[in-house]
Amino acid sequence: MHIPDGFIDIPTSAAFAAIAAVGVGASLKGAAKSLDEKTAPLAGLTATFIFAVQMINFPVAAGTSGHLFGSVLAAVLVGPYVATLALSVVLLLQALLFADGGLTAAGLNVFNLSLVGVWVGYGVFLLVKKILPKNKPSITTAAAIAAFISVPAAVMGFLLQYAIGANSTFSLTAVFTGMMSTHVLIGIGEAVITAFSVTAVMASRPDLVYGYRGTKAQLEIRKA
Amino acid sequence: MKNPLVLVGLALSLVIAGGISFYASSQPDGFEKSAGEIGFLDTAEDSPLAGSPLAEYGVAGVENERLSGGLAGVIGVASTAAISFGIFYALRRFNKSKS
């Protein structure tokens with residue numbers, strides 16, 4: 001979901017760029033507190049892996065494809081602050097190097113994926129994790145559900161931007177219906193890729209997984 | 001970097017972006033497709049960078065599609081890795097007092 005230039009007018013794009021900048025600024029502070037010797041390389045890997053996997057468009061319906069957003073994958077692996085930064089790096093590089101996503105639209109894209117996708121997704125992850133039993137498979141399940149929801153959540157971000165400053169005049173109902181019908185399917189792909197990736201990291205280095213930390217502490221209380 | 005997960009992950013990223021990406025679906029992206037069906041796709045403007053040497057994940061001047069896309073993918077992975085590792089290692093330094 002890379003918004004090109006032109007969909008949303010300049011004043012609205014500028015306003016969202018300002019909000020995105022504030023969000024990224026706050027995340028720099030938050031990330032500095034959570035990164036250490038062990039998690040910094042995982043954070044770099046997460047950004048790089050998301051860039052690579054975003055190149056793989058998978059078919060979702062007749063004549064349509066989708067690709068990973070990566071918001072929840074990043075949030076679960078390295079925490080929401082670092083995830084916001086990772087997604088922003090990926091989006092800005094895509095816009096600057098590959099002309100994927102507009103330039104004036106960069107703030108819109110960062111808002112939708114790095115802020116809405118990451119933070120709504122992470123919120124859902126925490127909620128689901130709370131309900132499920134405290135074990136490793138629950139982390140994957142919670143990540144998959146959150147990943148699925150993060151896609152329509154990011155679309156809602158676009159809907160907000162469209163409502164405020166679209167350069168076209170279609171009804172919000174029409175935009176909502178048209179966007180959601182494909183993005184619910186893309187959300188399923190998002191959930192599958194996120195589940196696979198989280199499972200792989202949980203199998204090799206569960207100690208590095210940000211979303212697993214609280215769970216682990218609770219399990220360690222038990223003494224033999 | 002003693003962490004095999006990171007090395008394996010980076011190698012996998014290179015393989016995905018440099019090789020497997022050739023087999024990605026070339027159907028229009030869902031966001032674009034929906035915009036077309038709703039009717040506002042024609043309000044899209046070309047990025048000011050649309051003519052840049054790596055635009056649309058290809059390397060300008062490289063005729064072979066597999067090579068062009070693969071090279072663009074490798075350049076993308078290398079750039080993302082350089083910038084993100086740079087930022088996250090730099091941020092980690094601010095955390096030194098704690099650890």
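Just so it is clear, glycine is given a Cβ too, placed from its N, Cα and C backbone atoms.
On a predicted model such as this, the values are computed, not experimentally measured, just so you know.
Features reported for this protein in TrEMBL:
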- A:7-28: transmembrane segment (TRANSMEM)
- A:40-60: transmembrane segment (TRANSMEM)
- A:72-98: transmembrane segment (TRANSMEM)
- A:110-128: transmembrane segment (TRANSMEM)
- A:140-164: transmembrane segment (TRANSMEM)
- A:184-203: transmembrane segment (TRANSMEM)
In contact by Cβ distance (the transmembrane segment (A:7-28), the transmembrane segment (A:184-203); 3 or more pairs under 8 Å): no
Long-range neighbours of the transmembrane segment (A:40-60), counting only residues six or more past its ends (CB under 8 A): 31, 66-70, 73-74, 77-78, 82-83, 85-87, 89-90, 93-94, 182, 185-186, 188-189, 193, 197, 201, 205, 208
Residue numbers, six or more beyond the limits of the transmembrane segment (A:72-98), whose CB comes under 8 Å of its CB atoms: 2, 20, 23-24, 26-31, 33-35, 39, 42-43, 46-47, 50-51, 54, 105-106, 109-110, 113-115, 117-119, 121-122, 124-125, 139, 142-143, 146-147, 150, 190, 193-194, 197-198, 201, 208-211
Same-chain residues near the transmembrane segment (A:140-164), Cβ under 8 Å, at least 6 residues beyond its ends: 1, 3, 7-8, 12, 15-16, 69, 71-73, 75-76, 108, 111-113, 115-118, 120-122, 124-126, 128-129, 132, 172, 175-176, 179-180, 183-184, 186-188, 190-195, 198-199, 202, 211
